[in-house]
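To keep things clear, I will list the structure first and then write my remarks on it.
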């Protein structure tokens with residue numbers, strides 16, 4: 001992980017040195033480019049990329065702390081020292097303070113608070129150091145951006161009161177960035193890697209942050225036009241793709257290490273899951289292609305303009321199809337596989353219409369309903385009286401619903417709305433619009449909220465499956 005960071009900084013430094021030597025910090029014609037005229041430079045100057053990245057990291061820490069707190073209240077905190085209660089779970093009768101203490105969320109809240117305090121201090125010093133006339137960066141202001149980043153990096157690598165949690169995070173990072181296809185994938189690896197996908201667009205800002213760091217090393221001030229032009233760099237879609245590559249590799253590893261479960265072939269579910277993550281790549285790269293403009297054609301060859309316009313229209317259609325496929329497939333997978341809900345399965349509608357409550361109380365030694373908790377992984381959930389209930393469109397009676405149905409429906413709506421929002425957010429070419437620039441932090445924050453909600457029901461379904469196996 002540290003080696004990767006050094007490589008990225010070295011690449012950014014090499015770019016900065018080359019650009020400075022060639023005196024090419026601003027692309028020709030940038031001042032007349034319509035996209036530049038729509039760029040919301042004042043907002044970008046108010047909160048530069050480095051501060052956006054660090055703020056989103058702090059928000060992600062708060063989100064996971066909230067997950068631990070809520071799961072502890074539900075009796076489902078699989079990361080607590082005591083472990084979760086057995087199904088059916090009930091809300092704990094502990095006080096709010098006791099629940100918060102035992103959940104482990106306090107340390108995360110304090111850690112996020114320390115991040116924010118340092119971030120606000122450096123941001124305030126940055127704001128008082130910018131040029132008072134045109135609000136552009138000075139070298140001093142630029143230095144405070146670098147100090148903010150360096151300070152938090154040092155905080156994570158130097159022993160401190162949060163050293164245990166930070167070392168656990170670093171171990172998880174080293175596991176999920178492994179290239180081995182024979183690695184056994186643990187549940188925490190999946191959760192951490194999925195959280196990383198919610199930071200995918202934030203990683204695009206990481207490149208801009210590295211450019212600022214590299215220019216600071218060479219004592220060259222960074223302009224907003226330079227950062228605007230760097231949004232079209234090949235490094236941006238490459239970094240955005242990294243989290244999806246990580247999950248794609250995990251799915252292949254899960255398939256390679258899974259046992260046939262007494263059948264002739266392995267479960268195909270990990271491969272379908274890999275397809276879901278692979279479907280994000282067309283969205284990312286087609287969007288990156290659309291950032292090109294007809295002005296990039298070769299002068300003196302007007303035929304290239306018509307060809308570019310024609311190709312641009314085709315790529316836009318393909319991009320829209322890719323967005324719809326990725327969003328709908330991901331939403332369906334969230335509900336059906338990650339949350340174990342039957343809402344979008346045709347068989348669920350039929351079962352909901354034909355189920356009769358009196359039949360649920362008939363005890364039979366031979367009656368066992370096989371529910372493929374992870375599609376076809378063969379997990380069996382018996383129709384036990386403790387789990388018997390009225391038929392629901394959410395889950396068949398044999399699959400427990402430990403939480404009120406309103407919780408599931410509310411989370412489904414939140415997930416659907418924010419899924420579409422995030423799919424558009426992966427498309428960097430849409431950020432030319434002023435309203436998207438001003439909504440940059442909001443969209444990234446909403447995705448982290450969606451991920452916080454997703455983790456709650458993902459853990460709930462994992463607990464249901466573990467109960468079945470026990």
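Yeah, the Cβs are placed from backbone N, Cα and C, and that goes for glycine too.
Just so you know, TrEMBL annotations never went through curation; they're auto-generated.
Here TrEMBL flags 227-470 as domain 'EXS'.
As annotated by TrEMBL, signal peptide applies to 1-21.
Residues or ranges marked as transmembrane segment in TrEMBL: 45-66 (among others).
Sequence annotations record features per position, and here TrEMBL assigns transmembrane segment to 106-126 (among others).
Annotation source TrEMBL lists transmembrane segment at 146-165 (among others).
Feature annotation from TrEMBL assigns transmembrane segment to 314-333 (among others).
The transmembrane segment annotation in TrEMBL covers 406-422 (among others). With a cut-off of 8 Å between Cβ atoms, the residues of this chain six or more beyond the transmembrane segment (406-422) that come close are 198, 327, 330-331, 334-335, 339, 341, 343, 394, 443, 446-447, 449-450, 453-454, 456-457.
For the domain 'EXS' (227-470), the model's average pLDDT works out to 76. Long-range contacts of the transmembrane segment (314-333) within the same chain, counting only residues at least 6 positions beyond its ends with a Cβ under 8 Å from a Cβ of the stretch, are 272-273, 275-276, 279-280, 282-283, 286-287, 289-290, 344, 415-416, 419-420, 423-424, 427. Sequence-distant contacts of the transmembrane segment (45-66), counting only residues of its own chain at least 6 positions beyond either end whose CB sits under 8 Å from a CB of the stretch, comprise 105-106, 108-109, 111-112, 115-116, 119, 122-123, 126, 130, 135-137, 145-146, 148-149, 152, 195, 198-199, 202, 205-206, 208-209, 212, 224, 227, 440-441, 444-445, 448-449, 451-452, 455. Counting same-chain residues at least six beyond the ends of the transmembrane segment (106-126), those with a Cβ under 8 angstroms from any Cβ of the stretch are 47-48, 51, 54-55, 57-59, 61-62, 64-65, 68, 100, 141, 144-145, 147-148, 151-152, 155, 162, 165.
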